[in-house]
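**Q** The annotation domain 'Histidine kinase/HSP90-like ATPase' is assigned in TrEMBL to A:34-157. The ATP binding site annotation in TrEMBL covers A:Asn49, A:Asp81, A:Ser102, A:Lys103, A:Gly111, A:Gln112, A:Gln113, A:Gly114, A:Leu115, A:Gly116, A:Cys117, A:Ser118, A:Lys437. According to TrEMBL, the coiled coil annotation covers A:508-535. The region 'Disordered' annotation in TrEMBL covers A:546-567. The compositional bias 'Acidic residues' annotation in TrEMBL covers A:555-567.
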2 protein chains.
Amino acid sequence: MQEQDVGTDWRNDFKNLTPSEFFRKNKQMLGFTGKIRSLTIVFHELITNSFDAAEEAGILPEIDIELKRVEKEHYILKLKDNGPGIPEDYVMRVYCSMFAGSKFRNIQSRGQQGLGCSGCVLLSQMTTGKPARVISCYKENGDIKGVKMKFQMDVKNNRGILMEREDYPAESTGVCIELQFKEVSYSLAEQGAFEYIRRTMIGNPHAKITFRDPSGHKYIFKRAADIVPILPKEVLPHPKGVSADDLMTMAQNTDSRRYKSMLTSSLSRMSNKRVDEISELTGIDMNKRPKDLTFPEAETIVHCFKKMKFMAPPTDGLIPIGSEQIEKGMKQILKPEFVTTITRKPVTYQGGVSFIIEAGLAYGGDSGRVVKEQRKSEIMRFANRVPLTFDAGSCAITEALKSIDWKRYGLKDLDNTPLTLFVNIISTQVPYLSTGKQSVSPEPEIVHEIRQSTMKLARKLQKHLRAKKAAKEKEKRSKVFEDYMPVIIEEAAKLGETGVPEYQEVLAKVTKRALAELLGEKVEEEEEEEELDAIIMEEVDERGYAVDGNSTLDSFEEDDVDDEFED
Amino acid sequence: MQEQDVGTDWRNDFKNLTPSEFFRKNKQMLGFTGKIRSLTIVFHELITNSFDAAEEAGILPEIDIELKRVEKEHYILKLKDNGPGIPEDYVMRVYCSMFAGSKFRNIQSRGQQGLGCSGCVLLSQMTTGKPARVISCYKENGDIKGVKMKFQMDVKNNRGILMEREDYPAESTGVCIELQFKEVSYSLAEQGAFEYIRRTMIGNPHAKITFRDPSGHKYIFKRAADIVPILPKEVLPHPKGVSADDLMTMAQNTDSRRYKSMLTSSLSRMSNKRVDEISELTGIDMNKRPKDLTFPEAETIVHCFKKMKFMAPPTDGLIPIGSEQIEKGMKQILKPEFVTTITRKPVTYQGGVSFIIEAGLAYGGDSGRVVKEQRKSEIMRFANRVPLTFDAGSCAITEALKSIDWKRYGLKDLDNTPLTLFVNIISTQVPYLSTGKQSVSPEPEIVHEIRQSTMKLARKLQKHLRAKKAAKEKEKRSKVFEDYMPVIIEEAAKLGETGVPEYQEVLAKVTKRALAELLGEKVEEEEEEEELDAIIMEEVDERGYAVDGNSTLDSFEEDDVDDEFED
């Protein structure tokens, strides 16, 4: 009987946890690890939620954030948005129930888990024991209503406990939330809250954020673009992207009375005609009731989908930032010397989930990040415009960028280049690797698209750098020729009366000095320039007489050198 | 009114998901991404569960696994263990309810989330629609009872639906589960199921696994050690490791009637005397009822804990594999030329959660992994004896090992060294970074311990490699001297009658030839050896006459060279 004594005591040991209880024990799975990171994740979740709410209602997001330090590692965070507000009945459900929310539709949104806001309230409660305070102003039957609430989270039951409630005189819609946190830390570091806001602005140039930091300093991150982003539409799943299990779930939840109507109403690109085709190919009676759908039938239908041709998934569900907007955002924040951006066409992963890759590359100016007073390259990862700050290691974006041979694009030491790489993946279903939503699963199609877009940008940067070098050369050469031109003219004038051989001799002498100066100035420069010098030398020698130095070089630059640079 | 039309339709859009519904939508968060990885995770979860069950009951784990391929990417997996079985009432709760289980205690176990087994059933159901089949044989009132069940998961309600049930004639305890999977793939690759078993055996030399693979081949992984591991005890949390929120949760769940008894019965190292001290230091009345504990009081008490001195956490809750067992495991699986292992003393992270780091290093033989017919180094990460196969990037173990300067230990090219590094972290609470439990949060104390233990092992390998080189040298030298000794003796004999100068001359000539041969043989070798040669040359020259070559070298090896190697 020894076994029973030491083994599991089922009656006492077996427990069912609510999601809140589970994440209370495993808060690191929500991204809450480390003092700096924890606070950044709070910013991330609350900003994300405000943006989604405003945009879904067609409002240009505008957020005021205030972070007060009460004492070391104890802060009060207040965030006010201009979104549509949350109806009173849903306030505590949004902020106190985990795995609950309005984001479970097939629509592009930043949040998609129903964990973010309630995670923040949980962390606040766990570290301070203080209640959450929320003012919500929302439209109801045409009027604006306002409510002020104070509540706690009932972790054991995954719901809120109301402590105080009063009407609030509302003027415009929006939510204002106040939470307290301990054991967190505000930092200007790369993984800190300030940097998070900076990155957010790059991905959301249509938004405005005002931030008062713990020292009382007020930062205003202005709109770089006044365009309300087009509202993403909820799109029906594409036949190539659904599994048999998805069909089974649809069948259990549909209001349709027959397979046929269920398929046409639940999937995109699915007409009655296509359903008839499927019926013919599979022999399945499409007039049966969805509740009777069996798994083998579902499998047969999905198998049939795979063999059929369908139009690509509708892409009006995917709203990229747009390359122009990304450029505006990067220019505003990074003030770079050079910037180039790209928004690719929508494609799909796992057969049917469509996504778009957008990328931007900024060079010089405030690009890159400063480490020990040196500018290093930095990668900014985004998913549905949300900056991903942590767990870079396993992310599709990191994997793709690492696999690129940067030397081919003239970046011999990528690490020490003042470069900011921006990658944003837009999808109705971003395949996050964990509940902390900080890295994207490296699906082969996603990695491929990121590589393609980044290589295109790298090629443009290469051109820019070559042109810059060439321009620098040109300037130097112009200067040398300018300096020597008076001498040449003077000598030429003197020689006007003497014979031709001497004329050439003097000219050669002066040219030689000019070239020596040119070469002397550039001992530390590279091969490419040396080739260039060789070409200049030939040009000058062949022509053998004094012409307008500037114009010669101009035409030379435009033709030969440019070709030389292109290959 | 446009805003309301496009915004969230709260009544229709707002949903509460059960944990099963959530993970059905996000199966990648359970580790189910990719065909090979998904199957490995299934092996991982089921083996983990069987091991935990057997060991908790004091049984040496013995598992039979059979993987049958039905068709391409469609498999039937059958796993039978010799654990204590699961009582009938709990079978479906274990396999069909997420966030449910018996692992939420403060006890060292492999599983700790109540997600693993139910995740496997979910994946099976999602990909095949087939029910799970379980036979459970367990003790009840001294008798062994057996039951055979067939059930499905009711995802919407996070519970099981029984389809068939019959009594089963039980002979011994244990569970046998049969699940079908599609869209998964069996592979011999590093991240495949076979490699997973291999690694499991290294971390669990006391276990036995029989595995019949899809080709019908039967692998028997034998026990390397016949010791039943000591049962880990459930330990009470240490005062230095609890937060105010933990105390609040304890107060809500305790049966104690006063703060005093709650503290002494819920925490380790907490006597009545210590509680009196706390009362004196904080002014809190310890006779109050736990239900009345306020958060500020809890904070004050925890703050007081931090300032007090306590004995270290009890460590009988932590049962390491033990360095001897690790060595046995590594020897059995890797057949290395050299192996060294270490089990460190228990320490704590985050102030109070104790953990132990164990590490092993194997060199040569089957150590490392073969990539394109070349042996590369490999890192085997373990947590509570469970191999961690994925998401290495963000893991504490990876971070620690990367930070070591391997060149200092004579490994100039770690990547291309036939080396296996094994690291196991033992804790009642492994801080996993995600629900997939594949990487450990890089808490500073954990990273430090891993570095320390690995550096110790690296130093031992360095010694071994130096000694090996020296031995090789010695052998070469012996051979040369052996070859020349007859010549030397012969010439010496001839010279016995002639003068001394000639004697020295001939000897010098022969020695020179011997050395030339030595040097000629080692053109491609390294600095260290060259220094060694210089020393030999001096030695020989100084002595200047023929002695027993072997013994000279022996004494030389033992004294000078060893010192030379040590610094």
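Placement of Cβ uses the backbone N, Cα and C atoms for every residue, glycine included.
Context for these features, please: burial, neighbours, distances.
**A** A:Lys437 (ATP binding site) falls within neither a helix nor a strand when secondary structure is assigned with DSSP, and so counts as coil.
If you average pLDDT over the coiled coil (A:508-535) in this model, you get 48.
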**Q** Listing the binding-site residues A:Asn49, A:Ser102, A:Cys117, A:Lys437, which lie under 8 Å (Cβ to Cβ) from chain B?
**A** A:Ser102
**Q** Sort A:Asn49 (ATP binding site) into helix, strand or coil using the DSSP assignment.
**A** helix
**Q** Within 10 Å of the Cβ of A:Lys437 (ATP binding site), how many other Cβ atoms can you find? Include all protein chains, please.
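**A** I count 28 other Cβ atoms within 10 Å of it.
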**Q** Where does A:Ser102 (ATP binding site) sit by DSSP, helix, strand or coil?
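**A** SS state of A:Ser102 (ATP binding site) = coil.
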